[in-house]
Each structure stands twice: as C-alpha cells, then as structure tokens.
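Peer 1: Residues or ranges marked as domain 'Obg' in Swiss-Prot (evidence: sequence analysis): 1-158. Taken from Swiss-Prot, the feature domain 'OBG-type G' applies to 159-328, supported by sequence analysis. The annotation GTP binding site is assigned in Swiss-Prot to 165-172, 190-194, 212-215, 281-284, 309-311 on the grounds of sequence analysis. Taken from Swiss-Prot, the feature Mg(2+) binding site applies to Ser172, Thr192. Feature annotation from Swiss-Prot assigns domain 'OCT' to 336-421.
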Amino acid sequence: MFYDEAKIYVKGGDGGNGIVAFRREKYVPRGGPNGGDGGRGGSVILEADAGLRTLVDFRYRAHYRAERGQHGQGKNKHGRSAPDLILRVPVGVVVRDATSGQVLADLVEDGQRVVVAAGGRGGRGNARFVTSTDRAPTFAEKGEPGEERWLVLELKLLADVGLIGLPNAGKSTLLARISAARPKIADYPFTTLTPNLGVVRLEDGDSFVVADIPGLIAGAHQGAGLGLKFLRHIERTRVLVHVLDTSQPGEDVLAGWRTVNDELAHYNPELARRPQVVAANKMDIPGGEEKVAFLRERLGDSYRIFPISAATGEGVQELLYHVSGLLATLPPPAPVTAPEEEKVTALAPEELTIEREGQVFIVKNPDVERRVAMTYLDNEEAVRRLQVYLKQKGVDDALRRAGAATGAIIRIGKFEFEYVEEP
C-alpha cells in the first residue's frame, strides 16, 4: 500500500533537573553549594532517506517522544544530555505544522535534516545561584520542557516528468515501455491506484525520472476519483507528458485533454503553465492519423504532439529525446519551504497578555510560562524568587487591570494558582 500522508505528534525531551546539594567533607568548613545542572533533553529530528518510498512507518504509530536529560548530581556533576530521536522519512516530504499549516521544511535531498521539536535545556543547580548576598541558595531549577507539536507529513514524489491523462489512456503501458518499472496494466479505468516511478535511460547517456499518476477525471481537484489524492505528486515535475487515447472519437479526445488541463488549473494554476507535451497514444489502432491531424488543427502550435504507440514502441524514442532536451533547458524545481524571514534582533520583550475564561485568568507569555515550568513550586525560596520575577515582569499589574480579585484562578502554562491581592 502506498501511504503519502501522515499526522504525527512529536515532543522534545525535557531538560534534566538541577539539584540542591552542598559540599560536606571533613576538614572543609563551609563547603558551599555544589548542586550540578541537568542535561539537555533530546530533540526530535526528521531525516530524509533515499531508501524509503512511503510513509507507511507512521501508519501504526503516531506519537514520538525524545528522552529527557539526566538530572544533575552533587559535587557539581552535570547530568548527561539525552540523545536525539531521529525519524527517517522519504526524500520529498513536506513538513507542516498541523495547527497553523506553516511549512517547516521541504526535505528534498538525501540526508537532509530538520529539528521539529527541540529538547529543553537542563535546569541549573543551586551552585549557579550563588551571589554576594546569598552564599548558600537552597533552590535550583527544573529542566525546561521540550517543544511539542502535531505535524502533517506530505510526500511529494521527486520526478522530472509527470505522465498525466484520463483513466485508461495508456500511461502505465508507456511507463513500462520506457523504463524498468512494472506497474499494473489492465483494460479498465483506474487500474493504477498509486503513483509509480521509473527511470528512463537514453542511448546518449541522459536519464530522467518519470512518474505515472493515476488517471484524472472531471472534479478531481474537489476530490472526485483519485485525482485529489495524487495531484500533489506532479507539483515537483518540470515537464508534463499528456497521454491521449486516440482510439476514441476526435471530439472526445479533445474534451479529455481540456478536462485534465482544467483540473490542473483548478488545483494549482502554475501546473497549467508548466511545459506540456502531448503523446497521442494507441496509434497502432486504425484511425489514429486522423485524430492526430484533428488535434493539431485544434491545438495549433501551442503544444508539440507526438504520435506514439506505447504497446509497439512506435514514436516513443522521438518523444523521449524531445523531453530530455526540454529538461536540459529548465531549472530544477524550487523547494516548497516558505522563504526565511529576515532575522531582527528583538530589543523589547515579547508581549504579555491576559485572557479571561470566566473566573480563570490565563497569562500568555513564553518567558513567563517557561520560568514557571522550571520552578520547584514546593520550594519556598524558589517560589519567592518566582514571585519577584512575576512582579518585575508586570504580571501582577496586568492581572489587576484585567479584573482579577482574591480567589480568582490564574493559569500560566500547565499550572494554576489562586490569586491573592496584596494588602
């Protein structure tokens, strides 16, 4: 079975916790704090692998979590950082954020990697909080939570040429004729249910990859037939070979040509402008010459028409050499990845906002959420330090302006607190 789409959940490993520890050795008075830092959590990384063809590995498992970092130890020993979790995907996978739809990466080269969920940094041990006024801090930090998100993986085959046309036009027969691929071939529509790839090698040494796409019908861009599911696989192709069945009446052949091109334009207008060559197939059946003359009269000089027979091989070599020459003049396809935005150093902190759901006030700010998540809430000194931070950050003032009163519930990230007004 061919699986070209998957939805998965990924989570980077949490950082290891820093610990509270003090040096205790004979003859070493006031040894001081020596709690070590936690290790960094592992990241989840997608890596393109040319040896894979589908996303079937993600069919039976949807959740992937990297390991957390090791906790710190006494004697200033830092915890071990966790290994990254590497998930291998086929070359040609587009990675999107499932919530926003934003393109995160387009993996078009073997070995190309992208971090999709970064691991959290390790929490600092109490030795890192020594100051001139606090020589023996009794608090440390928890590890930073790893990033988590849902992803949509979408495989778009990497091929130079796409064979398009109505069902039963002879696309699979042509692919079998020009390459070593052996797609299923039968005399009924929709024999091809999955895209097939074949490598064409010419006598002059040139070669290119051809994709046979399941037949398109009217309404394919809206989900009719199998078209919508597989139209994505011709988005990367540089040349389209439109296979027409000349055993049909001339007007039907022309109507089929228009139907397929209309579907391409509706799905992606750029596809309709892509270089397209017409392969008038089944010339071994009587009456084909009249159909070719009819097509040339109606299509004019806009499209190069090659009379061929995929069954006998007639005219196929001339078609292939023309396609090879056309490919030599075209640039490689651009990646789907959205252009990288210009990086600007932020001098001001990220905006702090308060959202209200009944008597629950939700504090929104990445820095604040991270600080709360990394605080030992059962440690009195750590909580006092957090309260000072929240006040300096303006959280108290923002809550008062939002109408928070004593007894209200304050939610910061995954934690909830009861609000108490200052006297």
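Positions of Cβ are set from backbone N, Cα and C atoms, glycine also.
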Peer 1: How many other Cβ atoms sit within 10 Å of the Cβ of Asn168 (GTP binding site)?
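Peer 2: Other Cβ atoms found within 10 Å: 19.
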Peer 1: Can you check how the pLDDT averages out over the domain 'Obg' (1-158)?
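Peer 2: Mean pLDDT, the domain 'Obg' (1-158): 92.
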Peer 1: Express the distance between the Cα positions of Ser309 (GTP binding site) and Ser172 (Mg(2+) binding site) as a whole number of Å.
Peer 2: 12
Peer 1: Out of Ser172, Ser309, which has the highest number of nearby Cβ atoms, where nearby means within 10 Å of its Cβ, if these are the binding-site residues?
Peer 2: Ser172
Peer 1: Please identify, from the binding-site residues Lys171, Lys282, the residue with the sparsest Cβ neighbourhood, meaning fewest other Cβ atoms within 10 angstroms.
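Peer 2: Across Lys171, Lys282, these binding-site residues, the one with fewest Cβ atoms within 10 Å is Lys282.
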Peer 1: Over the span of the domain 'OCT' (336-421), count residues by DSSP class, listing helix, strand and coil in order.
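Peer 2: Summed over the domain 'OCT' (336-421), the classes give 29 helix, 19 strand, 38 coil.
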Peer 1: Starting from the Cα of Ser172 (Mg(2+) binding site), work out which of the binding-site residues (Gly165, Pro214, Lys282) are within 10 Å.
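Peer 2: Cα filter at 10 Å returns Pro214.
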Peer 1: For Ser172 (Mg(2+) binding site), what is the secondary structure by DSSP, using just helix, strand and coil?
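Peer 2: SS state of Ser172 (Mg(2+) binding site) = helix.
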Peer 1: State the count of C-beta atoms found within 10 angstroms of the C-beta of Pro214 (GTP binding site), not counting that atom itself.
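Peer 2: Taking every protein chain into account, the count is 25.
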Peer 1: Can you tell me how many other Cβ atoms are located within 10 Å of the Cβ belonging to Gly165 (GTP binding site)?
Peer 2: 26
